[in-house]
Every structure is written in structure tokens, then in C-alpha cells.
């Protein structure tokens, strides 16, 4: 039972690390804010037009 518990803890740690790494490298910005796909600043909604987020609802 102990080896299975260690494996579960290891998998949980790996999952947490990947989750925080993904959030740290990718950011969502709102309407009118600066966006740039090269540095991973994407618009939450709409498209990045001339480095500004434009909402398309």
C-alpha cells in the first residue's frame, strides 16, 4: 500500500507543477488592454488587433 501512496503523491506534485507553470507562462487580458501573442498575452475574448484586444460578441 505504501508504494501506491508514494506514486499518488508524486503524480499530484507533477500535476500541480504543470498547472502553475502553464498559468505563469500564459496570461489573458481584457478589452482595450495591450496584447501580444509572442509574449503570451492573449485576449480573454475576441482578437488581438494592432496589439489591443477587441471584443467580438
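Glycine is treated like the rest: Cβ placed from N, Cα and C.
Note that the structure is a prediction, hence the values are computed from the model and not measured.
These come from Swiss-Prot:
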SIGNAL    1-24  signal peptide
DISULFID  28-44  disulfide bond
DISULFID  35-48  disulfide bond
DISULFID  43-53  disulfide bond
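Each of the disulfide-bonded residues 28, 43 was ranked by the number of other C-beta atoms within 10 Å, and first place falls to 43. A simple Cβ count within 10 Å picks out one of the disulfide-bonded residues 35, 44, 48, 53 as the most packed, and that one is 35. Distance from the CA of residue 35 (disulfide bond) to the CA of residue 43 (disulfide bond) is 7 Å.
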